[in-house]
Amino acid sequence: MVVSNIIEGGKTALKLTKEILEKEDDNLKVSYPGTNYNLPIIYGLLGKKVETVKDLKELINSLEIKEEESLENALDAGVVTLICAEAIEALKYAKSDKPYKEPYVGFIPDEILRGLGVPLVEGKIPAILVVIGKVGDKDKLKKLIDDIKKRNILALLVGDIIKEMDEAGIEYGLDKLLVPIGEEITSAIHAANLAIRAPLIFGGIEPGKVEEIIDYLKNRVPAIVVALGELDDITLAAGAGCIKAGVPVITNNEVPVIEGALESSDIDNIIENALKMKGVEVKVVEFDIPVSVGPMNEGERVRGPDMYVELAGPKSYGFELVKVVDKAEDKVEIIGKDIDEMEEGSRNPFAIIVQVSGDNLEEDLEGVLERRIHEFFNYIEGVMHLNQRDQVWIRINKNSFNKGLRLKHIGEVVKQLFKEHFPIIEKCDVIIITDPDKVKEELEKAKEIYKKRDEKTKSIREEDVDVFYGCIMCQSFAPTHVCVITPDRPSLCGSINYLDARAAAKIDPNGPIFEIPKGECLDEKLGVYSGINDVVRERSQGSVEEMALHSALTNPCTSCGCFEAIVFYILDVDGFGVVHRNFRGETPFGLPFSSLAGQCSGGKQVPGFVGISIAYMKSPKFLQGDGGWERVVWLPKELKERVKDAIPEELYDKIATEEDVKTTDELVKFLKEKGHPIVKKSEDVAEEVEEKEETVVAEKEEKEGLEVGEMITKLAKEGGIQIIMKNVKIVINFNVKK
Ligand code: SF4
């Protein structure tokens, strides 16, 4: 029965799509905004870029659906349905700049997907659910959304469910991880084309390698379709397409079960059962307090008119501190007034001291634990926490206050979350102080502790330690990627510095972050260590032989997909540009961040490109193997400002931004005008190359039978090679073993 419905649905979708396209002008250009992957479903599955309506017509007219009722034919009809939906949606974007009106979002750009990379990898967002259809019952809807929210799942919503949420007063939006994609069933393709970009962006898989893409989606992307209410044939067919692409479907309708691919569940348990289909387990911690607690509240803002009280902040004072003590008692203590004793709208001094004890805890972990206070406060509904240490700024909104939230509840939540997240903590005391004099007194002591910590952190360099740390968390998306974290090189996602990594490896010895004994230093400038090579070779399953910490040209570090910025080599000037993820414009190559990111994602080692964190740009060892800041020629203005203190003063004005140049030709001109050191260097190199070319010719003449290929290999073995020919430029970068 379902097989015949799917085949019928596929046939109807194909017929409708042909009819719709028929009326359109062949020359109309088709594309989605903010993606480097054309029409991702078509590009991903077929490896074909579609540029115009004519291309779309040719593609759609070439598709067919086999009539014979078999599962295989039904799944193929499903894929045809997905391609048809992509064609119809692409056409909407061809005819309008903004085909989706509020609240619907339609196509989701690459930038947002990249931003979701780290929370997905870290498991903070444990799954992506595509929820299609209608619930039909307010209470069941509330429970369904609550089940999604308390697990911090990203839900892409399609169809009537969005209106149902409006009617039930349930808020949604990307900040709440409840994303209203669209009303019509074809808009579901924007959930599918989001999923299919994961293997392309994070896995580095080439478009068109359909088996690899399906395998990746099946095994690495925790995406599941939840189809609710009555399903028509076209929806069934689209679901079949998802199954074929490795995304399972669960529904509250009766369907023939294909375990792990198509299952049925009652709506009350559908979220839990959906997660089981992908083997995702989420531990839900319950709190006995009057408001909700969980990552779903993290994006919440408390604006002035909604604020009940403000704690610490720029108009008052306060701090937060974690201290490792010999014996904590698992108590929560309030010194001073609770919020019901404070005047509405008032600003109050505030301090929180968290004392933790446990056999394996040590003072060095305090800073790392302390940074989690920010996250834990923001988990609490109606609480907004900004900044850290003595800059902390907290607001509590009227709603949560009226529901009964008090400081003792906040203390309990913080205590419970610390113990849940860090099993190394055996006991935890939370002391909240609002007494102004006491806050003042403790603040001075806290400042001394921060100062001591900072001095210690700042002074650590690579040469001072015996171990570095590795992280393979991103291997769930980029199978050969290994981050190496040193005191001079924080992780490329920017979220883990050396001390964080050290703490993480200590707190969870079997986790994804592990020690790397340095071994012998093989090249100080490039940052090549035998210990790193041994570990990286093993952890990358043999795909990376050698890694240099501080070079983008010679055996650079691998890049997963969550890097904050990319270093890219600019041949025309033999220098580097760096572009960060939030930059919306184009680099001098005429390419945006997303296009460049596509060159080195997926755990690849690509000479000339390397993903980095912005903090690494502030390291004294930044790209030292390639000449450091003296080789940096272009940065987006915003990034240049952010790292201003790290740029040598005499170079600052010589580095171009998007406001100075638009093309590489303009860049060359700019650098010459400003007298950037690279200009002098290029002239020297050109002379050197000329000399080398002469030597090559001379040696070839001298040694009969020596091929140019052999000569290149010889030069490469001697230290890497770049040959620059006039008019035609060919550059060969070899990965060099030292
Ligand atoms: S440290 Fe590296 S591997 Fe770990 S989460 Fe960040 S980018 Fe991924």
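Each position is counted from 1, following the chain as shown.
Yeah, the Cβs are placed from backbone N, Cα and C, and that goes for glycine too.
A TrEMBL annotation is a machine prediction, not a hand-curated record.
These come from TrEMBL:
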BINDING   CYS471, CYS474, CYS560, CYS562  [Ni-Fe-S] cluster binding site
DOMAIN    17-93  domain 'Carbon monoxide dehydrogenase subunit alpha ,N-terminal'
DOMAIN    450-680  domain 'CO dehydrogenase/acetyl-CoA synthase complex beta subunit C-terminal'
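Long-range Cβ contacts of CYS562 ([Ni-Fe-S] cluster binding site) within its own chain (separation 6+, distance under 8 Å): ARG114, GLY117, VAL118, VAL121, PHE202, CYS474, LEU492, CYS493, GLY611.
In this structure, CYS560 ([Ni-Fe-S] cluster binding site) belongs to neither helix nor strand by DSSP; it is coil.
Cβ neighbour count for CYS474 ([Ni-Fe-S] cluster binding site) (all protein chains, 10 Å cutoff from its Cβ): 29. Sequence-distant contacts (6 or more apart, same chain, Cβ under 8 Å) of CYS471 ([Ni-Fe-S] cluster binding site) comprise VAL482, CYS483, ILE485, SER491, ILE496, ALA501, PRO512, ILE513, PHE514. Here the domain 'Carbon monoxide dehydrogenase subunit alpha ,N-terminal' (17-93) has a mean pLDDT of 95 out of 100. In the domain 'Carbon monoxide dehydrogenase subunit alpha ,N-terminal' (17-93), helix, strand and coil residues by DSSP number 46 helix, 2 strand, 29 coil.
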